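Data first, discussion second: the structure below is written as structure tokens.
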Amino acid sequence: MAAVTAVTRWRLLLVLSTAALGAAGAPQPPNILLLLMDDMGWGDLGVYGEPSRETPNLDRMAAEGMLFPNFYTANPLCSPSYTPQEIVGGIPDSERLLPELLKEAGYVSKIVGKWHLGHRPQFHPLKHGFDEWFGSPNCHFGPYDNRARPNIPVYRDWEMVGRYYEEFPINLKTGEANLTQIYLQEALDFIRRQQAARRPFFLYWAVDATHAPVYASKPFLGTSQRGRYGDAVREIDDSVGKILHSLQDLGIAESTFVFFTSDNGAALISAPKQGGSNGPFLCGKQTTFEGGMREPAVAWWPGRIPAGQVSHQLGSIMDLFTTSLSLAGLEPPRDRAIDGLSLLPAMLQGQLMDRPIFYYRGNTLMAVTLGQYKAHFWTWTNSWEEFRQGIDFCPGQNVSGVTTHTQEEHTRLPLIFHLGRDPGERFPLSFASTEYLDALRRITPVVRQHQEALIPGQPQLNVCNQAVMNWAPPGCEKLGKCLTPPESVPEKCSWPH
């Protein structure tokens, strides 16, 4: 056994732990639930500070599972790339998504909530591996007048069943909406049906109540010490608790892997009433400072992941792709580079893997973290023009020479911070210090290797067209909800951030 690799060991452990789950000697892989929040910050969970009455279920999930305090998104926005409804592009057919690959292991897959990888019919989630969908292709912005811009549709599977602010109301004045309750019931119903059918399932629960304009159902409004945003967090916390209780009541908790995280940091531009907290970290959504990229993250798998553990493994949301395939006993595609790692060695055996985290904003590599050290090659919050209009991604957090409103290049002498001592990125190391030079020597070859191996993707966000918005989604005829699109006028998209 001395020659068995670490990867082999955790795979052996996984096989032994799942072998008893199937019937009559037919092992069944674990169910997989990925709970992805929207604009929820690292500081929004009580478990990262003192346990609180605001998030008791998430605090319990962490106490029964494993907390990842060093977990990152791939991009400081709500999607791999922000996709408003005038975008022509979307997820290319060449990309192989997780639900498509999980079919090879017999999984049934459902997405509940926001898709955000393209709203046109060719980008539909059921064309990319999902078997069921209840939710929306875009965020719940609005209401619109359905003349200059249509309200966003809500889908059940292939067809729309209404629109936000119409069949699915959101009261902007009071913040009342029942969407989180609807999304919760969709999740519970799917779990019950798959358990009854004894099929492994993948549930992607992507709710957006914490994205401005934030909302909550009536029983939760006014219940938080943190205002309306806190009300939304409390309802999500309650929903997560009900999902975990359902798994336990159905007797499938020990055969179900659950991971909770967020798509990016809290949107401080919407704070304090409509935005969350990034704890000790600098800035928020839209930026590649820690507040924009570091996310709350909890893994839960009773009887498999040791309870009450904290892993200091550097993790990325991209790791959930590879980790989920590993859980299903599948290999990642070999015809392309896969950026994510499997986190199972960290979760099941407490191992720590040395790996970098790259911070991108658009196509630009802004920063990298390796170990405890983070190097900024570019710094930028947003333009002076936007800032003077009151758009502030870092309210109350000005750090001279760091939170810049012009795009400042540091590629020759990067700004380097020790995130253990200075998680708020306020005190860059001295360029002349031995610590700086040692960190730079470690980081430089990692960045060089990364950049040399990059293969440019086909741009999907360059072309916008008012005519491709959600005027007449599939199913609109049945509801009498089809709208007439304007003349098609393709134009280059504008990306001010």
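Every residue gets a Cβ built from N, Cα and C, even glycine.
Whatever TrEMBL says is automated annotation, not expert-curated.
For reference, TrEMBL has these:
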type	residues	note
SIGNAL	1-25	signal peptide
DOMAIN	30-329	domain 'Sulfatase N-terminal'
BINDING	ASP38, ASP39, CYS78, ASP263, ASN264	Ca(2+) binding site
ACT_SITE	CYS78	active site, nucleophile
ACT_SITE	HIS116	active site
CARBOHYD	ASN178	N-linked glycosylation site
CARBOHYD	ASN398	N-linked glycosylation site
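There are 29 other CB atoms within 10 A of the CB of ASN264 (Ca(2+) binding site), with all protein chains counted. A gap of 8 Å separates the Cα atoms of CYS78 (Ca(2+) binding site) and HIS116 (active site).
The local packing around ASN178 (N-linked glycosylation site), expressed as other Cβ atoms within 10 Å of its Cβ over all shown chains, amounts to 16. Excluding the listed site residues ASP38, ASP39, CYS78, ASP263, ASN264, the same chain places MET37, MET40, LEU77, ASP208, HIS211, SER262, ALA267, LYS285 with Cβ atoms within 8 Å of the centre of the Ca(2+) site Cβ atoms.
Here the Cα atom of ASP38 (Ca(2+) binding site) is found 25 Å from that of ASN398 (N-linked glycosylation site). When the recorded positions HIS116, ASN178, ASN398 are compared by Cα distance to ASP263 (Ca(2+) binding site), the shortest distance belongs to HIS116. Rounded to a whole value, the Cα-Cα separation of ASN398 (N-linked glycosylation site) and ASN264 (Ca(2+) binding site) is 21 Å. On the 0 to 100 pLDDT scale, the model's mean across the domain 'Sulfatase N-terminal' (30-329) is 95. Distance from the CA of HIS116 (active site) to the CA of ASP39 (Ca(2+) binding site) is 14 Å. Per-site Cβ counts within 10 Å over the binding-site residues ASP38, ASP39, ASP263 peak at ASP39. Other C-beta atoms found within 10 angstroms of the C-beta of CYS78 (Ca(2+) binding site) number 23, with every protein chain shown included.
Separating the Cα atoms of HIS116 (active site) and ASN178 (N-linked glycosylation site) is a whole-number distance of 21 Å. Neighbour density at the Cβ, taken as the number of other Cβ atoms within 10 Å, is lowest among the recorded positions HIS116, ASN398 for ASN398.
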